[in-house]
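Novice: Annotations for this protein, taken from TrEMBL, read as follows:
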- C:77-97: transmembrane segment (TRANSMEM)
- C:104-123: transmembrane segment (TRANSMEM)
- C:129-149: transmembrane segment (TRANSMEM)
- C:161-183: transmembrane segment (TRANSMEM)
- C:203-222: transmembrane segment (TRANSMEM)
- C:229-246: transmembrane segment (TRANSMEM)
- C:252-278: transmembrane segment (TRANSMEM)
- C:290-308: transmembrane segment (TRANSMEM)
- C:320-340: transmembrane segment (TRANSMEM)
Amino acid sequence: MPFPLSSALRGAVLLAAPLFCAFPALAQTEYPLHLSNCGVDLTFDAAPVRTVTVGQAATEILYALDLGDRVLGTSVWFSAVLPQFETVNAGVPRLADNDPSFESVVALRPDLVAVQYEWHIGPQGSVGTRDQFADLGIPTYTLPSDCEGKDNSVGSDGTRLAPYSIESLYQGIDELARIFDVPERGAALLDDLRAREEAAIDAARALDLGDASAVFWFSSAEMDIDPYVAGQGGAPAYMMEALGLRNIIDSNEEWPVVGWETIARANPTVIVLARMDRRRFEADDVERKLDFLRTDPVASQMDAVRHNRIVVLDAHGMDPSIRNIDALETLSAALAGLDLQ
Amino acid sequence: MKIEARDLGWRNIVRGVSCEIRPGETFGLIGPNGSGKSTLLKLLAGLMPRAAGEVRLDDVPLGQLTRRQVAQRIAMVEQFADTGEALSVRDAVELGRTPWLSPLSPFGPEDTRIVDEALAAVDMTGMTKRPWSTLSGGERQRIHIARALAQQPRALILDEPTNHLDIHHQLALLGLVAALPVTVVMALHDLNQAMMCDRLGVMSEGRMVACGAPSDVLTPDTLGRIFRVRAMPMTDPEDGSTLFRFLPMEEPR
Amino acid sequence: MTRRAALVALTLPVLPRVGLGAVLLALAVLAGVIVGETALPLRLVGDVLAVKLWGAERALDPIDAGILWSYRLPRTLVAAACGAGLALSGVVLQALVRNALADPYLLGVSAGAGAGAVSVALLGIGGGAIGLSAGAFGGATAAFVLVALLARAAGGGPAQLVLAGIAGSQLFNALTSFLIAKSANAEQARGLMFWLLGNLSGVRWPDVTMALPVVGAGFLVCLAHVRPLDAFSFGSGAAAALGIAVRRVQLVLIAAVTLMTATLVSLVGSIGFVGLVIPHAVRLLVGPRHARLVPASALAGAIFLIAADIASRVLIPGQVVPIGVVTALVGAPGFALILIRNRRRA
Ligand SMILES: Nc1ncnc2c1ncn2[C@@H]1O[C@H](COP(=O)(O)OP(=O)(O)O)[C@@H](O)[C@H]1O
Ligand SMILES: [Mg+2]
């Protein structure tokens, strides 16, 4: 199976590799591998060959590590798979679009379940607890981005104790690469992501954004109702911080509900809209969000709307995932195109 | 008002009752528990759905009248009527004016007078502010009667109106209704009280098995058959009226 | 002549009370308009009203003026309509089914609305074109029709209606739980719950033109039936004996209540406790007679919900607490107090 990343990436890997010798495991993984993952101690005697993924971010990290041939089934999809993984994904059965049942996962006799969110598999997991899988001898690996600095026993989506750090994503990539005994692929992927992150940040910093501010609008349960916007806790906050935009939302939650009144008063410089395939709320549709901004008597008065400083980003890029870097690049490039003076 | 029942029935509970209650008459309905007295009273007031037969009020079929028109003619005091509302005595009696009120003729001074009279008639003038929940069973019964009086009906239908009343108020009530110029139909349990009615109807298993003057209807034979008691008629030495003393039936050994 | 005199005699003493009610309501609306997530100056109210209603020329900050005119005023008016409508529904149902615990959601309307909204959101009914509101209205109506048919099949008395309502509510709540368990993730469930608990943040002028006429009509229907409602005090049999066309009155009033509740639930979610507590509280103040209870409950409900909405906006700065949480926080202890007071009186 061909390496799915571009040749440019491979070039970058070759150039950057010597700089990151400090990375712990460029050599072969030594088994048994001991690992502490989200409060659970894991031991692997060999690289897994039968993996089930619960969560698109986990699935796409495995694809990015060229491990598609070791994935037996996927579940919890938020949007279409990234284009570069379409071929590999087409060969992998999808257990469920949303939550798979415990038994459908177990039935595949996996030797690893890779999990994006603890609310699927975790202390109160809707699919099951990690203990339930462990009892059957099935190890579960949860992406650190959902547990590092996060308390999932509080609030329905968990509560971030510390703002999301992109490093927790990188940690997940590194650990998965070690678990699967492909440390060199992990290093290559990380080098690529870090290089792209840095480039996007440099480009935005060069714009001299001053006191520019932003709001990320994810969706709303009803069209006119108080929207879900990015708080200080999640990936959008990291992006804004990294690119030098002030988040007008103070809340420490990841996706708090904040009134349009407050948003309009704060009058952000830029509005970022989430684009998604999901159609559960009317406001899931980015066109409907744009309609609202243009027609609502108050929202339409915001500077960002009047000067059309609106950026559309992939919604899944706003959740902790390798798409964060895509989103960061898109946003950075879009900022360059806006008249921000 | 004349009330005429023609072949009146409801399911199997009341069957083929025909009788004519004359204007101004006090008509008593007697019969053992479950014989259909309450049901027949409700049928006469037009309060049972899907009734068989016909009721005529002064020769007008009841079915041709609206509920409001019926309520302007007939007031009914049911056997068990209670409320959880914190109504006052006066509130409860004022309800009797309902069939006469409309947005164009709201509650006025004339209605107040009628309500006052009704309260006085049942000896409750001093208690108009008392909440319903604080009233005794007998007081409640008297308020129900007052409400029916406030309705100014041409016929009064009472289901066991002397229940809960002390002996003084029992006699006062019977005296009151007997003196009213309106037609009165009432179910009674006390057979001695039934003797005070102008005429009696005897219910048994849904049928009216006898109808006529108390002395014709209340014979030891009827009482034995219908009520399963041995009745000994006695004569009051003071006014010569007949009284009954009741004894258990002698069980055949 | 006597009729006219009687009418005058009836209306004259009522006028000051109607006036007092109007003033109280206006003050509550004013408070609802100026207090909120962000403070607006009182002067702005006059300016905005002058511009919007009389076309005066004033220099206004477009965002502040927009917040006041397009967000706060419709929101406050709908809160008032909603409080009045729920309180009226409570009064009517408590009278008709003669049950102190009756509330507007008794007949399954709120459970149906929830199931309808969740179906739209999670089953993709309508493919995103139908909002939660339309789903909620459809669900509420469906639930009510089902409950009404069930109650009829069971004999049609008030007890049957209550039992059918409980059965219908359970059924539709189970459906909601099933749908959420089957297909929602935590974020969606949270969104739906937030909405179901009641939310006035999405209210705009078109909602006012739905809520005010429906509640206004419902109010008039209730006002026209104050005597029949009184007559139900001793049960439907006694009401019939007092000349009330029981079936027709029940039908008209329950239809009015259902229409009001379904409309309000579909606009703002199911805000609890207003319909249960306000009628009881108002009974303590003005007594059980519906000629006073109906207008007083409507007024009290309107003012209470405006106050609850203000509280929901200022309780946590920068964030809105669901209004249903506020009404429950105030309503549950309030209800307990009423129970205790009633026991002392009895
Ligand atoms: N709505 C009803 N449905 C079925 N049976 C009834 C109903 N009302 C009364 N009954 C029955 O009809 C019989 C006569 O009842 P009722 O008229 O109350 O008798 P009474 O007043 O003479 O004691 C009783 O056996 C009673 O159980
Ligand atoms: Mg009886």
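Cβ from N, Cα, C; glycine included.
Since this is a predicted model, take the numbers as computed values, not measurements.
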Novice: Cβ pairs under 8 Å only, please: of the recorded stretches C:77-97, C:104-123, C:129-149, which one is richest in them relative to the transmembrane segment (C:229-246)?
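Specialist: Result: C:77-97.
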Novice: Determine which recorded stretch among C:104-123, C:129-149, C:161-183, C:252-278, C:320-340 has the most C-beta pairs below 8 angstroms with the transmembrane segment (C:290-308).
Specialist: C:252-278
Novice: Of the stretches C:129-149, C:161-183, C:203-222, which racks up the most C-beta pairs under 8 Å with the transmembrane segment (C:77-97)?
Specialist: C:203-222
Novice: With pairs restricted to those 6 or more apart in sequence, evaluate whether the transmembrane segment (C:161-183) and the transmembrane segment (C:104-123) have 3+ C-beta pairs under 8 Å.
Specialist: yes
Novice: Should anything in the same chain at least six residues away from the transmembrane segment (C:252-278) have a Cβ under 8 Å from its Cβ atoms, list it; otherwise answer none.
Specialist: 78, 81-83, 85-90, 92-93, 96, 101-105, 107, 109-110, 113-114, 133-134, 136-137, 140-141, 144, 148, 195-200, 203, 207, 210-211, 214-215, 217-218, 221-222, 225, 228-229, 297, 300-301, 304-305, 308, 323-324, 327-328, 330-332, 334-335, 338
Novice: Which sequence-distant residues neighbour the transmembrane segment (C:129-149)? Criterion: at least 6 residues beyond either end, Cβ under 8 Å.
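Specialist: Counting only partners 6 or more residues beyond its ends, the transmembrane segment (C:129-149) has Cβ contacts under 8 Å with 107-121, 161, 164-165, 167-169, 171-172, 192, 195, 254, 258, 261-263, 265-267, 269.
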